[in-house]
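For B:4-281, the entry in TrEMBL reads domain 'FAD/NAD(P)-binding'. The domain 'NADH-rubredoxin oxidoreductase C-terminal' annotation in TrEMBL covers B:316-383. Among the features that TrEMBL reports, domain 'BFD-like [2Fe-2S]-binding' is placed at B:419-467, B:482-532. The domain 'Nitrite/Sulfite reductase ferredoxin-like' annotation in TrEMBL covers B:557-621. The feature domain 'Nitrite/sulphite reductase 4Fe-4S' is assigned by TrEMBL to B:630-769. TrEMBL lists B:Cys639, B:Cys645, B:Cys679, B:Cys683 with the feature [4Fe-4S] cluster binding site. The siroheme binding site annotation in TrEMBL covers B:Cys683.
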Amino acid sequence: MTDWHDIGALSDIPQLGSRIVKSAQGDIAVFRAADDAVFALSDSCPHRGGPLSQGIVHGHRVTCPLHNWVLELESGAAIAPDVGCARKYPVRVDGGRVLLQLVSVTDSSSV
Amino acid sequence: MKEKLVLIGNGMAGMRTIEELLAIAPDKYDITVFGAEPHGNYNRIMLSPVLAGEKTIAEIMINDLDWYAKNNVRLHAGKEVVEIHRTRREVRTADGTVEHYDRLLLATGSNPFILPVPGNQLPGVIGFRDIKDVETMLAAAQPGRHAVVIGGGLLGLEAANGLMKHGMQCTVVHLGDVLMERQLDPVAAGLLRASLEERGMRFLLGAQTAAILGEDKVRGVRFKDGLEVPADLVVMAVGIRPNTDLAKQAGIHTERGIVVNDTMQTYDPRVYAVGECVQHRGICYGLVAPLWEQAKVCANHLAQFGIGRYQGSVTSTKLKVTGIDLFSAGNFNGSADCEEIVLRDPARGVYKKLVVRDNRIQGAVMYGDTVDGAWYFQLLREGTDISDFRETVLFGHAHMADAGREGSSVMSMSDDAEICGCNGVCKGTIVKAITEKKLFTLDDVRAHTKASASCGSCTGLVEQILAATVGTIGKTPAEKPMCKCTEHSHDVVRTAIRERHLTSLRAVFDTLDWKTPDGCHSCRPALNYYLIATWPGEAQDDQRSRFINERVHANIQKDGTYSVVPRMWGGLTTPDELRAIADVADKYQIPTVKVTGGQRIDLLGVKKDDLPRVWADLNAAGMVSGHAYGKSLRTVKTCVGSDWCRFGTQDSTGLGVKLEKMTWGSWTPHKFKMAVSGCPRNCAEATIKDFGVICVDSGYELHVGGNGGIKIRGTDLLCKLATEEEVKEFCGAFMQLYREEARYLERTAPWIERVGLSYVKSKIVEDEEGRKALYARFLASQQFAQIDPWAERASGGVDAHEFEPLAAIN
Ligand code: SRM
Ligand SMILES: Cc1cc2nc3c(=O)[nH]c(=O)nc-3n(C[C@H](O)[C@H](O)[C@H](O)COP(=O)(O)OP(=O)(O)OC[C@H]3O[C@@H](n4cnc5c(N)ncnc54)[C@H](O)[C@@H]3O)c2cc1C
Ligand code: SF4
Ligand code: FES
């Protein structure tokens, strides 16, 4: 089990927006929905690697800026008819701070 | 003595044959009709809208009892024929009525197939075939109750949709994992499923029904895997079986259906058969279009004209669920020797696929945008070689015609192009009826030709024909909702924003009952534009509702880097600017520097976090954002003009600079491009711009509504003016009219084609006061728009979070 990293305050991420966290596993997009739910996905669209952090967030979904695939923030899965999944990272908010966990690449498939 | 013709089956195929027969040989037969249903003849396919509450039974009657009386056709409604005696040439009903015939026509249709599982006879288990079934369903449909529809084909989905309209919870059970697999490919089926799920329909795919549960009435369904689902109503829509019992009993040759030849005759030459009960060249049809063709041929032979053969039909399908546009035809799944041409635009919810072999269309599937269904279907049936327009075929028929008004597309179709698939009506028939009978309304056309009188999906086409033929529009087609988040069209939303003084997205969502909490990527950018364009300075520009390019004021590239294009007013630059650009390119290691098609320089491959510093350096050299990324004023191209060129008539470069200084920074429904050419040689290509000026000796010609792009459109001449001041006023007024009235993502070219050049002239050229007011509103909104977005961000004050990572961890 890896550690929870404090990556900043919830207020550092705009509502319906996203910020990037740089990591050894590549950029991770951390999203904040209108209801303050927070999600983290690898910043790479399953289609052609588009930066999801740059997309438009609506509900608990994000639309990729490159070719408009729509992904579920909760799971990283693309909605039909597109098929694919962005890697998901455990993230939570505690006392206004956002905590993120890296996943080891080998067990990421089970997340 | 007239010969006696008896028809068994008072349905769509049989009665169509009688109608065709009466039209060509009204006095030949003494006609008697037997119908098991206690009604006149009605349009069976419209039972779906009846179930959904969109039509009444009265509205779907084709021939009511009066019609029979008027045409001297004897109808025995509610009497089922139970025996045919071929040697005596008699038919007999259950209650003993006997009728003699010289010729007999069988049109007994088909029966819903009921799965042979335990419990299938319980009350509450029904098929979906006739008025009685619909009445049973309506009686059972109560909010909160649960219906299970077995079968995810056309019929099943229409049944479920109808029941849901009455508040029932519906689960559709389907054996395979592709809905409507006989009409759709997996992609279109996926889109369909998603939008039905959004409406609340539930699906159990890959589920095999094992038993219907319940004692005295149905209460649930059990599946092979043991799963049980509660149900107050079970609709079986797993398929149909040709109704051949009577023919079999009479010894008429049947296989799957009653076997007929190309003249619709059975093995007994006195007995004909049409409709779903027949099998022709091995095929039993389950749609109406083939029936029309069969009816025509059969009537012709009954009238003893002896011409016409039925040679089988290629069919197409549409789904009659309001709000879902879906079309499919032919061999849409393709095969090894076929190619597919596909267009997919998830933002608009559009998917189109053509299956092509040797440049001939074999099949088509369309979802979301089906206007061209009729055209593809015509190309398919006629086996047209599409190689000349293969690259653009997916953009539709409108694309083929020379730039012209909407509607020209359907008018350029040939007279024998089929417009109404349900009733088999061709374009020529409609045009002829409109001109000869002086028809003016859609209802008239429906009454006289039957076109658009059935499923309604060709209504738009029929309206276009009507509009083009009589020159007036009877009724404008219903506007489409903006997106799945709302029922309202762009125009309705826009009007509400203006009239109800809505100044924020939240206010729009609340006032107009948005169905999603915060919209989607399709409606939010449009709403944001409408808000700031309607209430400049008052509505807050919502960055989170802007596409990334507009949010970070640079164009995203395929690798996630950005391109930066500084403004070069009218295409002019200076050594200092060029030096600053060169320095920036060196300093930030920008890999590509390119001259754009818009007469300026593009720095491609800038890393996102470098953007603010790149901008700061460009700002320092006096350059501002070129808005190459925005739905906004882009470039003003110019040529050298009278300063240098030996043909130049006016200072085109100078005028271009003035126009760009006046208009830069403004947000528009789609991108807006301008050009000024110094003489009619037109080196700045002004006649394919949204707004173009061509200088002539006596002044300036204004041209509007052009664009390059996928479909090139040359401009229309707006007017001719004498001074630069006037050009500025007309330019500002034109942009403002476009800003206020066009729909988001509608460029000036389609906008002008929609509203008409004369409308634009009436506002800009003929109405001086109105023009001045538009110009004033334009200049007023520019106060809030002409703030260089780069300078704001380079200073670190605005949206700093966009350009910095939140954290770095290892
Ligand atoms: C950079 C440039 C190509 C070049 O290297 O020359 C370019 C690049 C793009 N064009 Fe263009 N267009 C460029 C001049 C043109 C021109 C020529 C012109 O303006 O005279 C045209 C045809 C004229 C016209 O617009 O009518 C043109 C017609 C289009 C179209 C089709 C528009 C249409 O209405 O059909 C698109 C697609 C769209 O906007 O939806 C498009 C879209 C694009 C996009 C934005 C595609 C995208 O969504 O990413 C490209 C952005 C590349 C980038 O990141 O920089 N580009 N594009 C040109 C920038 C001009 C500038 O200085 O701002
Ligand atoms: C809900 C629904 C929606 C549909 N939607 C579409 C659509 O969108 N597009 C499309 O192309 N097709 C559609 N169809 C199919 C279309 O309705 C049929 O293809 C068409 O009605 C077949 O015509 P028919 O005359 O062969 O049979 P029917 O219209 O069924 O007529 C047969 C008639 O014969 C009567 N009959 C049978 N046996 C006897 C007997 N022994 N004595 C007396 N009378 C008898 C029956 O009661 C019935 O009234 C739909 C069907 C249904 C049920
Ligand atoms: S023509 Fe196509 S590839 Fe080239 S810049 Fe324009 S959009 Fe991109
Ligand atoms: S890369 Fe995300 S949609 Fe294409």
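Note: Cβ is positioned from N, Cα and C throughout, glycine not excepted.
Keep in mind that TrEMBL annotations are predicted by a computer and have not been checked by a curator.
For the domain 'BFD-like [2Fe-2S]-binding' (B:419-467), the partner stretch with the highest count of Cβ pairs under 8 angstroms, out of B:4-281, B:316-383, B:557-621, is B:316-383. Within the model, the domain 'Nitrite/Sulfite reductase ferredoxin-like' (B:557-621) carries an average pLDDT of 95. Of all the Cβ atoms in the protein chains shown, 18 others lie within 10 Å of the Cβ of B:Cys683 ([4Fe-4S] cluster binding site).
Excluding the listed site residues B:Cys639, B:Cys645, B:Cys679, B:Cys683, the same chain places B:Val640, B:Gly641, B:Phe647, B:Gly648, B:Ser652, B:Ser677, B:Gly678, B:Arg681, B:Asn682, B:Ala684 with Cβ atoms within 8 Å of the centre of the [4Fe-4S] cluster site Cβ atoms.
Mapped onto DSSP classes, the domain 'BFD-like [2Fe-2S]-binding' (B:482-532) shows 27 helix, 0 strand, 24 coil. Shown are the binding-site residues B:Cys639, B:Cys645, B:Cys679; of these, the residue with the fewest other Cβ atoms within 10 Å is B:Cys645. Among B:4-281, B:557-621, B:630-769, B:4-281 has the largest number of CB pairs under 8 A with the domain 'NADH-rubredoxin oxidoreductase C-terminal' (B:316-383). The DSSP breakdown of the domain 'Nitrite/sulphite reductase 4Fe-4S' (B:630-769) into helical (H, G, I), extended (E, B) and coil residues amounts to 54 helix, 34 strand, 52 coil.
Secondary structure by DSSP for the domain 'Nitrite/Sulfite reductase ferredoxin-like' (B:557-621): 29 helix, 14 strand, 22 coil.
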